[in-house]
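Asker: Here's the feature list from Swiss-Prot:
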type    : residues                                               : note
BINDING : GLY10, ILE11, ASP12, GLY13, ALA14, GLY15, LYS16, SER17 : ATP binding site
Amino acid sequence: MRGKFITFEGIDGAGKSTHIGAVAARLRERKDIPAVVTTREPGGTPLGEDLRQILLHRKMHLETEALLMFAARREHIAEVIEPALARGDWVISDRFTDATFAYQGGGRGLATSRLETLETWVQDGLQPDLTLLFDVPLETASERLAGAREPDKFEAESRAFFERTRAEYLRRAAQAPERFRVIDATQSIEAIRVELEKIISTL
């Protein structure tokens, strides 16, 4: 039986990464799941991690940025995601294609049609079974990021950029309610954990 593919999404500072390990641990307790693979985008492969460093720290044309995102994604799908799903393993990814539509599309203003063309080519129909969107007001996200490590290129973007990015995430969630679950990430860590367990138990 083919495995399940779960993605975690949200703007920087939403707190999604805090919960990935806990969800993976809970799923690993289940006897019906051979293994759980946790990964991230951009990244997930040696080439993908190299591209991640370029994407997070180098200035480039917005179309170049999108192309590199999808190049890293193609390698990720071919080398990690598809083989794991074919084995029956479950895959949890910290970001996937929705992030590209939100950041490069919503945030940067790249035409959705161009991103959709790349998505069709690179993914060949692959979509997550479940996308958990961690949503927070920009003020909350900014407070969480303040005083953290040196911000990368995206974390240092303007408030307007993140307003557009968040709006695009929510728009996509509204368009695909069967796949998305929007999490109020202003809740306590414990409240979010309980909510996530309820959602995961339905898979």
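Glycine is no exception: its Cβ is also placed from the backbone N, Cα and C atoms.
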Asker: Work through the binding-site residues one by one (GLY10, GLY13, GLY15) and point out the residue whose CB has the fewest other CB atoms within 10 angstroms.
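Answerer: Among the binding-site residues GLY10, GLY13, GLY15, the sparsest Cβ neighbourhood within 10 Å belongs to GLY15.
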Asker: Around the ATP site formed by GLY10, ILE11, ASP12, GLY13, ALA14, GLY15, LYS16, SER17, list the extra residues of the same chain whose Cβ is within 8 Å of the site's Cβ centroid.
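Answerer: Going along the sequence, the neighbours come out as PHE134, VAL136, ALA141, ARG144, ALA185.
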Asker: What is the Cβ neighbour count of SER17 (ATP binding site) at a 10 Å cut-off, with all protein chains included?
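Answerer: Excluding its own Cβ, the number within 10 Å is 14.
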Asker: With the cut-off set at 10 Å between Cβ atoms, which of these binding-site residues ends up with the most neighbours? Options: ILE11, ALA14.
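Answerer: Result of the Cβ crowding comparison: ILE11.
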Asker: Taking the binding-site residues one at a time (ASP12, LYS16), which has its Cβ surrounded by the most other Cβ atoms within 10 Å?
Answerer: LYS16
